[in-house]
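Engineer: The structure's right below; bear with me while I get my questions together.
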Amino acid sequence: MSALKRMMRVSNRSLIAFIFFFSLSTSCLYFIYVAPGIANTYLFMVQARGIMLRENVKTIGHMIRLYTNKNTTLNGTDYPEGNNTSDYLVQTTTYLPQNFTYSPHLPCPEKLPYMRGFLSVNVSEISFDEVHQLFSKDSEIEPGGHWRPQDCKPRWKVAVLIPFRNRHEHLPIFFLHLIPMLQKQRLEFAFYVIEQTGTQPFNRAMLFNVGFKEAMKDRAWDCVIFHDVDHLPENDRNYYGCGEMPRHFAAKLDKYMYILPYKEFFGGVSGLTVEQFRKINGFPNAFWGWGGEDDDLWNRVHYSGYNVTRPEGDLGKYTSIPHHHRGEVQFLGRYKLLRYSKERQFIDGLNNLLYTPKILVDRLYTNISVNLMPELAPVEDY
């Protein structure tokens, strides 16, 4: 009888332990699914100490090589991903003097005296009315947020595309921060907010494709920046022009402790020339929910023969605006799609996209509303 009681006590403890671990694991899985951005941030913070240690060891070796190489300069601006020598051989940074004289007939320089470096990032909420009032004094800003310098010829005509849903508190902060920076950089630019309506999961990549097509109908842009609304640059020397290779601007996010999460990370803020974006057939349309579309874009870029460049040093630092709502659900099918990136590249992208937009032009941006559904981007078998 006593043996039976002992067995029942053991069974009860085992049952309680099983229920506890089952509840804990299901809670964790639910959290990861419904709030993947937060979950990944916490996971990355746990891993960050190990990454920082490895980076410090790498930096020591890097500095030793720089010291022993007489032909190497320290204050570089750009380095291409994937090039073995690019970690050490970088171009020097030279910014023009304050008394530099511009010419309306000559291209604007890329390194202007007004670009001082560190920016004070204020993420305090502000109303759109206040932001409109602040920029109402600037008569050179045309409807849609279009602006071009008058004292020199802009080196790039930049369309800034912003995928959007339910982030109304972020937009005014974004414009308050970005407009002065792009004006300092003497770029011609305008903003396109692509807003997803309806009940389908958020499709960031498809919104970018819609925004690209509509922006090309609006003006003759030659550079396109794909910009999350909650990322604010911390350095005005992070030049928002394009180049011979696609550009990943947001190399160091504060929510990732200013460490690149992984080599192929291409999220947050990226830029391609119009020619480059068309060559890779844009973003994939099949990623519904959180995650995967940037990794697929990275694959498309490399399959098309490009490398990715990033700002050097602290130029690529960004602050993330805090969220006051739950993020998008995780897209569980992304890994299968990523396995077939190459096969899908030219059957899913700009060339299979159908949509009906509603366009409203605000003083500071063009709003493109679109109800996205999977049947708007039919994909052939692959």
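Yeah, the Cβs are placed from backbone N, Cα and C, and that goes for glycine too.
OK, Swiss-Prot features for this one:
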- 1-15: topological domain 'Cytoplasmic' (TOPO_DOM)
- 16-35: transmembrane segment (TRANSMEM)
- 36-382: topological domain 'Lumenal' (TOPO_DOM)
- Asn71: N-linked glycosylation site (CARBOHYD)
- Asn75: N-linked glycosylation site (CARBOHYD)
- Asn83: N-linked glycosylation site (CARBOHYD)
- Asn84: N-linked glycosylation site (CARBOHYD)
- Asn99: N-linked glycosylation site (CARBOHYD)
- Cys108-Cys152: disulfide bond (DISULFID)
- Asn122: N-linked glycosylation site (CARBOHYD)
- Pro163, Phe164, Arg165, Asn166, Arg167, Phe202, Asn203, Arg204, Val229, Asp230, Tyr258, Trp290, His323, His324: UDP-alpha-D-galactose binding site (BINDING)
- Cys223-Cys242: disulfide bond (DISULFID)
- Asp230, His323: Mn(2+) binding site (BINDING)
- Gly292, Glu293, Asp294, Asp295, Arg334: N-acetyl-D-glucosamine binding site (BINDING)
- Asn307: N-linked glycosylation site (CARBOHYD)
- Asn367: N-linked glycosylation site (CARBOHYD)
Engineer: Looking only at Gly292, Glu293, Asp294, Asp295, Arg334, the residues listed as binding N-acetyl-D-glucosamine, what is the longest Cα to Cα distance in Å?
Structural biologist: 11
Engineer: When the Cα-Cα distance from Arg334 (N-acetyl-D-glucosamine binding site) is computed for each of the recorded positions Pro163, Arg167, Asn367, which gives the smallest value?
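Structural biologist: Among Pro163, Arg167, Asn367, Pro163.
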Engineer: Where the distance is taken from Cα to Cα, which of the recorded positions Cys108, Asp230, His323 turns out closest to Gly292 (N-acetyl-D-glucosamine binding site)?
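Structural biologist: That would be Asp230, the closest of Cys108, Asp230, His323 to Gly292 (N-acetyl-D-glucosamine binding site).
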Engineer: Quick one: pull the CA-CA distance for Cys223 (disulfide bond) versus Arg167 (UDP-alpha-D-galactose binding site), whole Å only.
Structural biologist: 25
Engineer: Using the recorded N-acetyl-D-glucosamine site (Gly292, Glu293, Asp294, Asp295, Arg334) as reference, state which further residues of the same chain have their Cβ within 8 Å of the centre of those residues' Cβ atoms, listed in sequence order.
Structural biologist: Ala205, Pro284, Phe287, Gly291, Asp296, Leu297, Phe331, Leu337, Leu338
Engineer: On a C-alpha basis, identify the one among Arg165, Val229, Tyr258, Asp294 that is nearest to Cys152 (disulfide bond); the candidates are the binding-site residues.
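Structural biologist: Of all the candidates listed, Val229 is nearest in space.
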Engineer: Looking only at C-alpha atoms, tell me how far Pro163 (UDP-alpha-D-galactose binding site) is from Asn367 (N-linked glycosylation site), rounded to the nearest Å.
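Structural biologist: About 10 Å separate the Cα atoms of these two residues.
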Engineer: Would you mind checking how many other C-beta atoms are within 10 angstroms of the C-beta on Arg167 (UDP-alpha-D-galactose binding site)?
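Structural biologist: Around the Cβ of Arg167 (UDP-alpha-D-galactose binding site), 20 other Cβ atoms lie within 10 Å.
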Engineer: Reduced to three states, what secondary structure does DSSP give Arg334 (N-acetyl-D-glucosamine binding site)?
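Structural biologist: Once the DSSP labels are grouped into three classes, Arg334 (N-acetyl-D-glucosamine binding site) ends up as helix.
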